[in-house]
Amino acid sequence: MADPNETKKEETDARRLQTFPICRHSDMTEEMKVETMELCVTACEKFSTNNETAAKMIKETMDKKFGSSWHVVVGEGFGFEVTHETKNMLYMFFGGNVAICVWKCT
Amino acid sequence: MPPRQSTKAKLASTSLQPGKGQAKGDKSSRKTKKDEDETMEYGDGGEDWMGRPLLKPPDQLELSETELKEEITRILTANNPHAPQNIVRFNFKERVYKHVSIVEQLAVHYSVDGHLLHVDSDEARRQLSKISSVGDTTSVVSGITEPREEEEIEETENKDEEGTEEPEATDIIESEAKEEDVEKGGKPKYERKIRNQFNFSERASQTFNNPVRANGCQTEPPPRANFAATASQWEIFDAYTEELEKLESKKEKPKAAAVKKEERLTKKKQTTIESQSDDISRVAKAAKIVERMVNQNAFDDIAQDFKYFEDPSDEFREQEGTLLPLWKFQYDKAKRLAVTAICWNPKYVDLFAVGYGSYDFMKQTRGMLLFHTLKNPSFPEFIYTTESSILCLDIHRVYPHLIAVGFYDGSVAVYNIHETTNTPSYMSTSRFGKHTDPVWQVKWQKDDLDNNLNFFSISSDGRIVCWALVKEELVHTDIIKLIIHGLCKDELENLQLKIVDCGTSFDFHIEDDKMFLVGTEDGKLHKCSKAYSSHYLDTFEAHHMAVDAVRWNPFHPQIFISCSSDWTVKIWDHNIKTPLFIFDLHSAVGDVAWAPYSSTVFAAVTSDGKVHMFDLNINKYEPVCVQVVVSRKKNKLTHVQFNPVYPIIVVGDDRGCVMCMKLSPNLRRQPKAKKGQEVKRGPDVEIAKLNKLLNLVRDPDIKPK
């Protein structure tokens, strides 16, 4: 009886721990990076069921804050190769199963 | 028509015009104004040629002169005095009577309708069309009458600019009578724009159109980069597990990290301390340059003298020259000390070292080693303080940063200017062959067989020691012991008492580096060799008192000079026992120095504060210049040195003051060039010059070897 309980606990632990964001790649300035990551976290928490709206929210907010032509991909599995303006790229994981790629390119 | 009109007027004016009424009779009204009317009556007759008679209304007031002259002020206002001021009207909106505050002030006293029509009005159009139709017919029918009528039209229309034309469609259609004229005249045309009829001219112009120009530019696109990755569930999972592991490992290490941090902090502190100490040294170079610039400005006149001044009075003197005082080098902490040694730096011709100490054996205090430069006369370049008096120093020829120093307490030391410390890099100790008496002279030598730097020292304890700089210490070798032979042997006790001779000065031969001269306290001069430590090559009974300085001539290999406290300076040939020249200077001679530019010139300083300059080529018996250079009479001069390049000497006195003096042209005069002959320079010429002199003096029997 004890074993499944423990495994369950571990799982929950892992899940709880895995809610934090991990930055996989970024060439933004530290300040901008922190801000963008916070924005991504709030967007993904707000629209946890709908990645599209989350992406839309991120894009629009980024457009307002840092100028237009931002692109955002939010998803659980995707591959990409993008050309971006330097100092304007962030690729991060969040919530244990979502990858978010934010970049700016006109 | 006019006659009818006039009658009408008469009829109308009968009631108003008393003049005419008078004619008809109405006398009752006129009787009161009889006097005044007389004039009227006269005028009545001449009505035609006098113009109109003066008419007066019958009810006019009769006023006296004064009344007429009285001024009555009236104010005309825009308000209508007859307008009612309290109109009340019924207000249908509020269903009450209300007072109307705004009253119409306009009062119409006279109005008349004009006979003018607006061109655009319907009536005018109608009339115009009528005119045109009538005009056409009349012009065809009455061809003969046309010209006359045209004239008339011209008269009426001559105010218009276009008088020759047929009457245009008039803006104003006047009376019907006129209308008829117009009808007859013409063909009315389409309406035209009315211009200023009095002052009109038509002009046209066009503005310049600028040529169109195209201009384009392109900015550099912002820098871009590519990035590619694949997001999948397992990659995300891996990333998270990795991150978690990192976090855990961090938790384990906080203690170690804390220790490291402390270490770092201490390191940082150390570095900050170091950097702080470096703060001043960072600006040191700039500060030095500024200091020198300021000094150059402050002593500008002296610097100019140093470079350019040549005493013009020398031209009028045959032999004598003068010394021009330039800078004075003083340092507060060395004020009480005597200058005991001066040495020019062989590399930097503006730099010289000065040793300070005391010659008074009862009052021995501290010593000081200063480096002065001509570029900064106000403050020494380097300062070293020593516990004991410095008595001598020498700067190494090849390594000018090394200075050998001899002290009163018998020790010798080597200072290295490159090192920042205030202590000597080498110091002899009592354990390793230190002199027991004051060291009177030190002299660098060529490197020995092991390529060690070495120097010689001479002391009152009678030893001449070679000091070699081996690694970190001074290694000493006794070269010779000055022993007075045969004078004092205690035969009774059968003890070998050796009475030493106190060496006071020495100098090494320029060519034969084994040979050197030693001056002693009892006035003897010994010619010695490094090869024989036991005995002398030769001994001269030179002076009656201590030999203060002995120097080889820089050009001639056989000649040397010696000076002593017995007031004399003597010039010797080292092969001849007797002096060639003897000069009595009437005071103890502190130092003597050969000039670097001539074999026959030397300078001597005496304790009465005088500098004696000799040029044997000019005068073999008298000095060419004797000059008192000290500030106070009590001061003694102790040392003199020629600058190797510039025509200046430095002399030191016993009050710590070093003076720099420029030699006047007579003191450095070269042999005059004969016509068509080049002046030869170089050591050979100098030797020949001196030889020529010496031949006169030498005893013809004794020939040089």
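Note that Cβ sites are derived from N, Cα and C of the backbone, with glycine treated the same way.
Sequence annotations record features per position, and here TrEMBL assigns compositional bias 'Polar residues' to B:1-17 (among others).
If you look up TrEMBL, you'll see B:23-36 (among others) marked as compositional bias 'Basic and acidic residues'.
Residues annotated as compositional bias 'Acidic residues' in TrEMBL: B:37-47 (among others).
Summarising the annotation, TrEMBL assigns compositional bias 'Low complexity' to B:135-145.
Look at TrEMBL and you will find B:148-180 (among others) tagged as compositional bias 'Acidic residues'.
Look at TrEMBL and you will find B:181-194 (among others) tagged as compositional bias 'Basic and acidic residues'.
The compositional bias 'Polar residues' annotation in TrEMBL covers B:196-218 (among others).
Per TrEMBL, the feature region 'Disordered' maps to B:1-56 (among others).
The region 'Disordered' annotation in TrEMBL covers B:135-222 (among others).
Annotation comment: TrEMBL describes B:540-573 as repeat 'WD'. Non-local neighbours of the repeat 'WD' (B:540-573) in the same chain are 502, 504-512, 517-527, 579-594, 596, 599, 602, 604, 606, 612, 616, 683, 686-687, 690-691, 694, 698, 704; each lies 6+ residues outside the stretch with a CB under 8 Å from one of its CB atoms.
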Taking helix as H, G and I and strand as E and B in DSSP, count the residues of the repeat 'WD' (B:540-573) in helix, strand and coil.
-> 0 helix, 20 strand, 14 coil
For the compositional bias 'Polar residues' (B:196-218), the DSSP helix/strand/coil residue counts are 0 helix, 0 strand, 23 coil
When pLDDT is averaged across the repeat 'WD' (B:540-573), the result is 88
